[in-house]
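**Student:** Dumping the structure here so I can ask a few things about it.
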Amino acid sequence: MWENVKKTDPEIYDVILKEWERQEYGLELIASENFASLAVIEAMGSVLTNKYAEGYPGRRYYGGCEWVDVAEKLARDRAKELFNVKYANVQPHSGSQANMGAYFAVSEPGDTIMGMSLSHGGHLTHGASVNFSGRIYNVVPYGVNPETEVIDYDEVRDLALKHKPKIIVAGGSAYSRIIDFKKFREIADEVGAYLIVDMAHFAGLVAAGIYPNPAEYAHIVTSTTHKTLRGPRGGMILTNDNELYKAINKSIFPGIQGGPLMHVIAAKAVCFKEALTDEFKEYQKQVVKNAKTLAAELEKRGLRIVSGGTDTHLMLVDLNPLNVTGKAAEIALGKCHITVNKNTIPNETRSPFIASGIRLGTPALTTRGMKESEMEEIAELIVDVLKHVKDEEGNVDEEIVEKTQKKVKDLCTRFPLYEGKIKL
């Protein structure tokens, strides 16, 4: 598949090969990661990458766009069908740019926005001080109830009434419970705010009908196209309002982007077609079953799951019961070829670079074909490693590392990813 890269640039070929090996023979539990199909990968590697196409289908600033127009129309139409909306912009290069485009469509610098605090499960683009959203806007963060660890809707309403935001953002990157979009819309309407839902993490679950569709309540919905959607890395913006759609289009181009990535848009179209199948719906159901099983098995073995469980593809694990930090856990598990990410938890006492938790997700494991019984095996592996972490640097006895690596490789070999499908 990469013969030309191998001939032209052996160093990059080696990087690709090593990364393929890492994915093929390691357990991927980062909640925001997944494995794209070969059809999606092929579309991304096509000659469509050569075409500049500033503007939108039928209104381009360059000639020769007749075929990329077809690709973009297919992507838009499939996105609209998938999420039951009237309008879709599939040009954002990323979820962050989708959020930026959505914000800029309905607000001005200095306006007040509300978003979930990063330490409570939100995202950088929901108002973090280090992000454009925290630098451009006056940000009022909301969080979870300290006892239940679920969104405190009373607090959201009180803050909205007090600060009168222009935008209320719902969604997050480490929140495992179903969000009440109806309640959010009621609060937004009460204060005259736009409700923007960032469904990047759970878009695949929405597409499969096992998570409420935010488009029924939000003025604007943003998303990535990877994660649970299992497509290429990119973003999109959805709405049912024609005037908002016009503003969104202007906001993306010429507002914050120039030429769209047509090879990625074609891959988005492929991804949406895959997501419209019954097989995809079954896949998403299994993702949630696996997440619930993994959370229960970890809890059974002494770890604490934030909010007591999960309704989605991800969970936030509090490591305090084992007196291990998120940083140490990420390093230790990584040595054993189990990939996770450290994550702050509600009421965090450590810095984000150390953290008290890890975030786990099941989309990538489920793509391999793993089910509940494998989640039990994986929970056992995770806890066994964590119980043997010796220090803040994630050091673990070599005997434990070698034993776990072997078990991980055996498990991955039982559920091959691209092995036999890609010619190396």
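Glycine too: its Cβ is placed from the backbone N, Cα and C atoms.
On a predicted model such as this, the values are computed, not experimentally measured, just so you know.
So Swiss-Prot has the following annotated:
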type	residues	note
BINDING	LEU118, GLY122, HIS123, LEU124, GLU243, SER351, PRO352, PHE353	(6S)-5,6,7,8-tetrahydrofolate binding site
SITE	HIS226	site 'Plays an important role in substrate specificity'
MOD_RES	LYS227	N6-(pyridoxal phosphate)lysine
**Student:** To see if you understand the setup: which same-chain residues, six or more apart in sequence, place their Cβ under 8 Å from that of GLY122 ((6S)-5,6,7,8-tetrahydrofolate binding site)?
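**Tutor:** The answer is GLY115, MET116, ALA128, PRO141, VAL169, GLY171, GLY172, SER173, TYR175.
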**Student:** Please find which two of LEU118, GLY122, HIS123, LEU124, GLU243, SER351, PRO352, PHE353 have the most distant C-alpha atoms, given that the record lists them as binding (6S)-5,6,7,8-tetrahydrofolate, and give only that distance in angstrom, rounded to a whole number.
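**Tutor:** Across LEU118, GLY122, HIS123, LEU124, GLU243, SER351, PRO352, PHE353, the two farthest Cα atoms sit 43 Å apart.
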**Student:** At the Cα level, what's the spacing in Å between SER351 ((6S)-5,6,7,8-tetrahydrofolate binding site) and HIS226 (site 'Plays an important role in substrate specificity'), rounded?
**Tutor:** 28
**Student:** Rounded to a whole number, how many Å is the Cα of GLU243 ((6S)-5,6,7,8-tetrahydrofolate binding site) away from the Cα of HIS226 (site 'Plays an important role in substrate specificity')?
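**Tutor:** About 28 Å separates the two Cα atoms.
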**Student:** Expressed to the nearest Å, what is the distance separating PHE353 ((6S)-5,6,7,8-tetrahydrofolate binding site) and the residue listed as 'N6-(pyridoxal phosphate)lysine' at their Cα atoms?
**Tutor:** 23
**Student:** Report, in whole Å, the straight Cα-to-Cα distance of LYS227 (N6-(pyridoxal phosphate)lysine) from LEU118 ((6S)-5,6,7,8-tetrahydrofolate binding site).
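**Tutor:** About 19 Å separates the two Cα atoms.
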**Student:** Looking only at LEU118, LEU124, the binding-site residues on record, which one has the least crowded Cβ, with the fewest other Cβ atoms within 10 Å?
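**Tutor:** Candidates: the binding-site residues LEU118, LEU124. Fewest Cβ atoms within 10 Å: LEU124.
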**Student:** Rank the recorded positions HIS123, HIS226, LYS227, SER351, PRO352 by the number of other Cβ atoms within 10 Å of each Cβ, and give the residue at the low end.
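**Tutor:** Counting other Cβ atoms within 10 Å of each of the recorded positions HIS123, HIS226, LYS227, SER351, PRO352 gives the minimum at SER351.
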**Student:** For HIS226 (site 'Plays an important role in substrate specificity'), just give me the three-state DSSP call.
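**Tutor:** Once the DSSP labels are grouped into three classes, HIS226 (site 'Plays an important role in substrate specificity') ends up as coil.
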**Student:** Within 10 Å of the Cβ of PHE353 ((6S)-5,6,7,8-tetrahydrofolate binding site), how many other Cβ atoms can be counted across all chains shown?
**Tutor:** 10
**Student:** Where does HIS123 ((6S)-5,6,7,8-tetrahydrofolate binding site) sit in DSSP terms: helix, strand, or coil?
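**Tutor:** In the DSSP reduction, HIS123 ((6S)-5,6,7,8-tetrahydrofolate binding site) maps to coil.
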